[in-house]
Each structure stands twice: as C-alpha cells, then as structure tokens.
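Taking it in order: structure first as structure tokens, then the write-up.
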C-alpha cells in the first residue's frame, strides 16, 4: 500500500507535533504540513521537536543528517484570520486543498463540534482521493464521516453513491501520548470506511514505526473504554478518602507493575482530555460506569489540567 506523498496535520499540540515527528522521521514522508490557528503553539511545537531530534542524535539513535532531513520535511503553516474549528474554512482548508495534500490527520481538541467543522471543511476543499483521518481517542468516526459528507460543495445524501464515497475515506488513527515513545496506533473504521482507506491508515501507522490494533467504532474504542473507567475509579478513591494520592499510585506501580500510577497518568494525558473522553463515553452509552467523578470536573474548573498546566494531582 502506497504511503501519502504529503501529510497535513491539523493541530500543533502534543499529539499533532508527535504525529508530525514520527511521520517525518520514521515514515520519511516528504512534506508534513503542520497547521494550527495559534502561531505560538506551532513555535513551541517545533522547538519541542528540535529537542526530541537533538536528544535522539545525542543518544546515537539517529544521525545528524537524519535529524536535518526530518526537519526539512516539515512546513509550518498558521492562520491569523481563521480557526480550524470555524465553519468559515475559506483560508486554512482552501490552502490545504491548493497544496494537494494526500492525507490529513486531525489532532484538534476532543470536542465533537470542533471535529465536525474540520471534517466538513476538509471534504469541501480537498481532493476526493485524500484520506481524512482523525486522531480522536473517543469520538465516533461514523459521525465524523457523516459530517464530511455534509460539507461537500454540492449537497448529497449520506446514503448516495457520492456520499458513501466521501465518507469511505474517513478513518480513525489513534496515536498514543507521547507519540514518539508509545508503540501503538489504534486504527478505527467507521461504518462507512472503505477497506482501501483502512489499509492505507494501517500502512501509514506502520511506516511511522507503530504496531497497529483495530477497534470497532464504539465509544472510547478498545483503549479508552478500558482505560478511562480505571482512571476515574482511582480519582474516586482519592475523592472518597480510600487512600492518598501517593498510596493509590504506589499500589498500581509496585503491586500491579504499571509504569506509572493512574493519577500520574491522568496528569500526563491532561485532566481536561480525561474529562472530555469520560463525558463522550457517558453520553454515548448512558452507562453509569463512565460517569466522571466530581473531583475530576472540579479540577478542570480550577484550571488544574495536569502536566501541561503545571498542576494536577501532582505539581510540575
């Protein structure tokens, strides 16, 4: 299966930068178009990528030439007038279309409305052959594929041949954080995803150096349908006073062999992301086991989002 000649990444946060990093360094895709509506986020992301490359060079994992080549494959684009979450896609999506990108990976905030707006814009402006992928960790790929059909220039039914063809190129590629380190990519087909699109997504992930697992399009997929209730229960244990923060994490690290405790892991994921995923799981299933803990919501309200904000269950 041929790899994309060019890749666009929408979002230059931790996940977007990580995906751009492995695509440029490991898959050696000639151009990685890194898009984010916040120019400062792109600057921080590229600086972080430079540090990662320098670290790999210092450890002898890659050569200086490898690092230079990876950096040369990345073109950073920012928009000063249109957000990727906006329905007014006349700037950013049109530019991606004009550049002729073969594959897009959306790595924006874990909110359905934001992602639907992005997929409507992508379908309207990109080639009909471009693969439209989402790095979502919980949101329905089938819904995003439907949004893509709704974004076509000419209104068509989702069940029409044109609608099915458009939706068929939408797929989930759920990389794990930190992307350069974690070995897995969870690939998720929606109901409409074509077999060719699914195989292209798998080939892309493997070229990025990842092992691939496949999940049906159910709330949370395999990974977060299992992980998030576990993290939520740990937060509830802290909330109820069953054990202290340190004892909860120590128990799972030393008693269960986990590399880090659940509260520290939640901090690394981002407590706002954990809350958004929990809410998606709960809304999608109405199963009480997915109901977010009160403490998790309060910490997000306080702006204590974990490692990225400097404070969560731990201080950073």
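Backbone N, Cα and C define each Cβ position, glycine as well.
Feature annotation from TrEMBL assigns domain '3-hydroxyacyl-CoA dehydrogenase NAD binding' to 7-217.
Sequence-distant contacts of residue 15 (NAD(+) binding site), defined as residues of its own chain at least six apart whose C-beta falls under 8 angstroms from its C-beta, comprise 107, 135, 175, 177, 179. Sequence annotations record features per position, and here TrEMBL assigns NAD(+) binding site to 11, 12, 13, 14, 15, 16, 36, 110, 115, 137, 177, 308.
Same-chain residues at least 6 positions away in sequence with a Cβ under 8 Å from that of residue 174 (site 'Important for catalytic activity') are, in sequence order, 135, 136, 137, 185, 186, 187, 188, 221, 223. Feature annotation from TrEMBL assigns site 'Important for catalytic activity' to 174.
Annotation comment: TrEMBL describes 220-316 as domain '3-hydroxyacyl-CoA dehydrogenase C-terminal'.
Helix, strand and coil residue tallies for the domain '3-hydroxyacyl-CoA dehydrogenase C-terminal' (220-316), in that order: 69 helix, 3 strand, 25 coil [DSSP].
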